[in-house]
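Chemist: Got a structure for you, written out below as structure tokens; questions coming shortly.
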Amino acid sequence: MRKFLPLYLFLCLTYACGGDTNTEPAAATEAAAAQDSVTVTTFGTAPEGEARLFTLTNATGMEVDITNYGGIVTSIRVPDREGNIADVALGFPTLEGYLGEDPYFGALIGRFGNRIANATFQLEGESYELPANDGPNTLHGGPGGFHTKIWNATPTEDGNGVELQRTSPDGEEGFPGNLDVTVRYTLTDDNELRIEYTATSDQATPVNLTNHSYFNLSGEGSILDHVLTIDADAFTPVNNTLIPTGELRAVEGTPFDFREPTPIGERIEADNEQLGFGQGYDHNWVLNSGGGGLASVATLYDPSSGRVMEVLTTEPGLQFYSGNFLDGSLTGKDGINYELRTGLCLETQHFPDSPNQPEFPSTTLEPGDTYSSETVYRFSTREESK
């Protein structure tokens, strides 16, 4: 990973060491940089050890809270079109909420995001059995996945992020190989939350890392009036246990066509078998970008607040989940009960069940290779339509 000179050292080399006694540029830059900060506080005690909370603050006043327990993004605080700040990420006020059976609020997911059919796969002639935690299937790396682990965490040298690292040992949740994982969260002054994942393994193993944040750009209430755009001509239909059938189905003429901005509630109750299987949207879209370089793949807009969230990724797929299993039984931050469809997920990923579906883009990481993935959530505002 590339390393960068700390800002103060760069300024020293540029101005002081160069003999230029004009200190105004350095002072101005240092004043701006001082507004970017990482604050570390105690968040509680998990079974594996102490959990800490890292608060990232940028020059515009946007704040993101991340804990080293499960790599969870616990809060994202951004302004609306009037400058009013709200928390647009669902979550709990204390660690205890995340230690219970929560629906992966904000979690770092691994080794394999989404589902693996029948909790088993074959790789290089070997069969691997995984714990089933979603009916007959394995979901989000299993019950002891990355979202349940304490990660080694340090603020980044540039002062606007946090880097998490851990080694997932051979056999953890049934997966082969010792997997060294690094996840870097960065908050930019352009109101971007950037998430960069890298991993290496000493054995061939499936890897599919993602973030499972639930978003509500209003801060609370229903997300059905949120307007969604997804740059995808196809999606992967599923069976009744939400495992892809292997087909890449065109979105044309279906409730899954979000190529033009569409309110989420407009077609969510349509008489459609796929919507019935998911009790709403809980499907993978086949992104037109194809998973090459970083590309803009989706935009979410809340007309009431003016908040906009653009999603950029290097991944080939996007799981849109419309919060169908939220039922009001969970009380989150500020005493808010999370009712049906009060949050949504836009999870960047490779396709579900890829280890069992050779026609899908491969998720196999070979020894000597490096898994690399990047996702950006970019926040802005839009003026009210006249």
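Note that Cβ sites are derived from N, Cα and C of the backbone, with glycine treated the same way.
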Chemist: According to TrEMBL, ASN114, ARG115, HIS212, SER213, TYR214 bind beta-D-galactose; so which of ASP36, ASP282, ASP302, ASP327 is the extra one listed there?
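Modeler: So, going by the record in TrEMBL, that would be ASP282.
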Chemist: For a quick check of understanding: among the binding-site residues ASN114, SER213, which residue's Cβ has the most other Cβ atoms within 10 Å?
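Modeler: Buried the deepest by this measure is ASN114.
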Chemist: Reduced to three states, what secondary structure does DSSP give TYR214 (beta-D-galactose binding site)?
Modeler: coil
